[in-house]
Amino acid sequence: MPDLFAYTDGACSGNPGPGGWGALLRAMDGETVLKERELKGGEKETTNNRMELLAAIHALESLARPSKITVVTDSAYVKNGVTGWIFGWKKNGWKTSAKKPVKNVELWQRLDAAQSRHDVTWEWVKGHAGHPENERADELARAGMAPFKSSGKSSKG
């Protein structure tokens, strides 16, 4: 059975502002790439954190069947949220420890549902540090953002 990886990234021009998300999905056999798929999309008015979340969500939602997958992100917000904070938020009715509503709650709930179908390992990598797959996810996120720098649409592809 191949090893599955999803490399995800979000980008924003201004925060808030036009933004994009990108995901590179790979099925690997050791060092050999068996299959690769690229996903991207964006929004006219968003935040970097929302784009980071959507990259991970779309990567997991794109899998046709329950899978064992490693999701690699350069977002400490996503990694820390999904592997730690989310358990307290759910226990507290989606409120933070300060009793405030969780920001981007609808995306966190969607990510929680998406990952519940799979056996997910989460890894963090430093962004813009020469990690080729993370750099490709960044390129996809920027490509996903490009149409929204001058229009008011939302896209997924």
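Backbone N, Cα and C atoms are what each Cβ position is placed from, and that goes for glycine too.
Of the residues ASP9, ASP29, ASP112, Swiss-Prot places ASP9 in the same Mg(2+) 1 site as GLU52, ASP74.
Surrounding the centroid of the Cβ atoms of ASP9, GLU52, ASP74, where the record places Mg(2+) 1, the chain contributes additional residues within 8 Å, namely THR8, GLY10, MET51, ALA55, THR73, SER75, VAL78, GLY127, ASN134, ALA137, ASP138, ALA141. Listed binding-site residues: ASP9, GLU52, ASP74, ASP138; maximum Cβ neighbour count within 10 Å falls on ASP9.
Taking the Cα atom of each, ASP74 (Mg(2+) 1 binding site) and ASP138 (Mg(2+) 2 binding site) are about 10 angstrom apart.
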